[in-house]
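One structure is given here, and the rest of the page talks about it.
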Amino acid sequence: SRGRGRGGRGEEGGVAGGAMGVGGAWWLAPPRPYFTTTTPTNFTVISGQTAYLPCRVHMLGERSVTWMRGRDLHILTVGDLTYSADDRFQVLHTPETDDWTLQVLFTRPWDTGTYKCQVNSHPKIFRDVHLSVMDKHQLDHHMYRVPPSDPDQGEYGTRILGSASRYLQVGSSLVLECVVTHTSYPPPALLWYHYNTRLDYDSPRGGIAIMVEKTAEQTTSRLLLSAVSLQDSGNYTCVPLKAPPASVSVHVTTDERQAAVQLGGFSAAHTHHSQLPRPPIVLLAVVWAALSLS
């Protein structure tokens, strides 16, 4: 009797079946690797910050993942090893996971460009991730007030996800996520303030990370503060250039039970141009932007 086998195709072309061999025998072909399409592919950071470019590969098997710089196809990493003389580049990978994240330390404006995550399958497959690095020096040396809304640029909406008040225990991490929706053009930059002090990677406090993602409909900025102390309590404001700000109140406490309580409700800091109260003058006086982006 002739043997029977059943084959199927996994997501994004991952082959789970086989092919007929000599004499009617069946053999299983190795599954084809494929990329997860849900991970973002566009990232924006300010020069000096660390960029994390994700690449998630399923069904990798014994194949390897290579990161290359798009403009010159210079190989940066192969597997877990860095092949570039520039040691700012390294891959972050934990065994038994599908993530191969390219880490770029101390980013510079000339790091802007496309990076390719490639798998040495047959045929080879690759996924492009785009990185934009804003020049911090340009942001630092060009000040201006937030201009009035431009009807030609459409409405903006700004909100910080979660409740309007946050309670954290000393030593834990604070993560704030600010989302700006836009109908036409994204804001050129999103800045974070603790009261009237701007937060950045080189702020005296230290332990600060900021990541920005952009899509056609919204721009998202994530602020991370590690090992919070009582001095980190207070008002935090997300200030998108050319868009309304949004704020939350953070309370750092030594009481573990109180820190476990989060006030209910989605973001109360959701504003539009038509509803925006006039921002404090001190905030307006310290908003920065590159002239090339204005």
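Positions of Cβ are set from backbone N, Cα and C atoms, glycine also.
Where the annotation comes from TrEMBL, it is an automatic prediction and has not been curated.
Features of the protein shown, as given by TrEMBL:
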type   : residues : note
DOMAIN : 33-132   : domain 'Ig-like'
DOMAIN : 151-249  : domain 'Ig-like'
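Using DSSP to sort the residues of the domain 'Ig-like' (151-249) gives these counts of helix, strand and coil: 6 helix, 53 strand, 40 coil.
In terms of DSSP secondary structure, the domain 'Ig-like' (33-132) contains 3 helix, 49 strand, 48 coil.
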